[in-house]
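Written out below as structure tokens is the structure these notes cover.
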Amino acid sequence: MATVSDIGLSAAINVLTAIAFLLAFAFLRLQPINDRVYFPKWYLRGMRDSPISSGAAVQKFVNLNMRSYLKFLSWMPAALKMPEDELINHAGLDSAVYLRIYLIGLKIFVPITILAFLVLVPVNWTNDTLETMKVVSSDIDKLSISNIPYGSKRFITHLVMAYAFTFWTCYVLLREYEIIATMRLRFLASEQRRPDQFTVLVRNIPLDPDESISELVEHFFLVNHPDHYLRHQVVYNANKLADLVEKKKKMRNWLDYYQLKYERNQSTRPTTKTGFLGCFGSEVDAIEYYKTEIEKIGKEEADERKKIMKDPKSVVPAAFVSFRSRWGAAVCAQTQQTSNPTVWLTEWAPEPRDVYWNNLSIPFVSLTVRRLIIAVAFFFLTFFYIIPIAFVQSLASLEGIEKMLPFLKPLIEAKVVKSFIQGFLPGIALKVFLILLPTILMFMSKFEGLVSQSSLERRSASKYYIFLFFNVFLGSIITGSALEQLKAYLHQSANEIPKTIGLAIPMKATFFITYVMVDGWTGIAGEILRLKALIFFHLKNFFLVKTEKDREEAMDPGSICFDSCEPRIQLYFLLGLAYAVVTPLLLPFILVFFGLAYVVYRHQIINVYNQRYESGAQFWPSVHGRIITALIVSQLILIGLLSTKGFEESTPVLLVLPVLTFWFYKYCKNRFEPAFVRNPLQEAMRKDTLERAREPTFDLKAYLANAYLHPVFRSDEQDDKMSISEDVGMEEVIVPTKRQSRRTTPVQSKYDGSDTLSLPETVHER
């Protein structure tokens, strides 16, 4: 059980570590040699010049302007200065709405914290219940609901505060949902032309012995969407080719490294070993070896390309279908195409850079089986992960460590070591156990077969939140309470155990305080330092970079990582709402997290992160739902606690809160969520009409011709010529149908063409 001194030591360690990270960042970002690490977004947009390209030799690496060091904290006001509308234009709506989640945390918890400390803390403190009961406690627990006498009328204060906190949280969420829904509609209305606005992804296309997939798609949409269909792009299974391209790229990096090494020292030729990781096998000339390997992979790549072009089995029953207008695409994406609801399934196509190409080749019929397998695997992962969580909780107990490692007892009993173990070690141990979890959950989401990176991140975020809820929140409370109160459980009657649990749950706030400081304070400060990116950039810059293009690839600006960051925010919402009435002392620590994270991530979004996609804030409904879940959980916890504290008459009054909260959730879902799921036909028609009036001669077919080409079919020359909006796609020659008559296909195709793939000329040449 952590005491005030333990929490004080943990706070000192984390505050000093966070300050050290922030000071290191403030110093490193001013050095010219690190400019591409801390401002990569501006370089990628061509809006910043490298400071090491001119000036004296020393000034290219070290900032000698002493005045700039006096303004080492200028990045904070600079991060807050950019208006939200400008931020949306600069970084996209996803980034702007993500930042609003931190603002919502501040809007919810600042008034709640003030009210809790003015009302609840004095009510809890002015009692001596814990001193008279034989339970493990500390001075911090005297500020919690555990210090209220059994059956006391003082619980009415907590009941009233529960209502106040619920109504305030719902009010903030209602206002934010309305604002964000308006932002999304305005963003979609003002957004520049993009290929996905005109394109629909069609899956589970039924096979036909008389026609190829391409012919079937063309024929179906010419018949059923004759006035709006424009073109289509069938999907190819190019996963093996993608692996070869990636392998070839790695070989080129090694070749560049050894060539640079030889240029610096031409007295000896560099060598490498042909075995595993270059550590085993025969020793050969490195440059010649990698040239040979690249040539060998190039031949395999060319053979695989020919195979894809000639083999009909390389075409999967899916296609990207483009329309002449946004209105036509909206009608197709949001309607059922045939009387059989299991075929010709349509959905909005992800934007080209959002497509996760590997999963497009997965047969649609196997998706249900895959999701069932992952559901079972996720259940067992969540269930068995409670074992390391219980181990972490044992670290929070000195008795547990002394029992596991008895020879350390003299060292553990030292005051400073004792405070370090109970105040700092549990939080850092839990964070270490969770490091690999986002990677595991993302792999599971990919196995499910989702076809866009945004949907993969949203699905992975949902899994991560469920995991954190059951294992970190409930698991820590249950296992921690059991470990700490084990002695009390063994020496009391069964009727007294619920009361002891009611006392023990609020006391776990001390563990969560240590976790918030480690993860929410030190972790956020470490995010802005970008130590990993700094080290890797300089290693790549020294060993691999030959051209400016190589230097840009070495920058690695990264992105928000919604799949791991958003569930972490939701855990703090859960902790804050669950303990607001129970143990208010936790609230200031959470406020520090939301304030610091907002400033840090705003700076990163403006200067560093380069988002891989733009979904128009489609993740917001799930964020809103998880905050509502946290609110309902906090109400159920309070109902359970008061029932164990002899105040059962409060149960009917408190049961109204979850009902009202759920009704509020359904109201918001029905009122605002359609704006995040469907595109209004009225807006689509308005935008089409304005566009035709402004650009009557615009060639939409040419614009969409290279919109959804698998990346492996693009040559380097095409990459340089394509703009961002047309960086993926492949023209498909429209071919005539072979069927002469059928009830659903009354006419033959009016287009002429050949029954061959029409890939770019560079692909044919290869």
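Backbone N, Cα and C atoms are what each Cβ position is placed from, and that goes for glycine too.
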Quick one: sort out which of 553-575, 622-644 is the transmembrane segment according to TrEMBL.
622-644
Per-residue pLDDT averaged over the domain 'CSC1/OSCA1-like cytosolic' (197-359) comes to what?
86
Positions whose Cβ lies under 8 angstroms from the transmembrane segment (622-644), at least six residues beyond its ends:
101, 104, 145, 155, 158-159, 162, 165-166, 169-170, 173, 176-177, 458, 461-462, 465, 469, 498-499, 501-502, 505-506, 566, 570, 573-574, 577-582, 650-651, 654-655, 657-658, 661-662, 664-665, 668-669
Going along the chain, which residues at least six beyond the ends of the transmembrane segment (101-123) come within the CB cut-off of under 8 Å?
143, 148, 154, 157-158, 161, 164-165, 168-169, 172-173, 176, 566, 569, 572-573, 576, 580-581, 584-585, 587-588, 590-591, 593-595, 597-598, 601, 623, 627
Mind checking which residues of the chain, 6+ beyond the ends of the transmembrane segment (650-668), have their Cβ under 8 Å from one of its Cβ atoms?
155-156, 159, 162-163, 166, 170, 173-174, 177, 624-625, 628, 631-632, 635-636, 638-639, 642-643
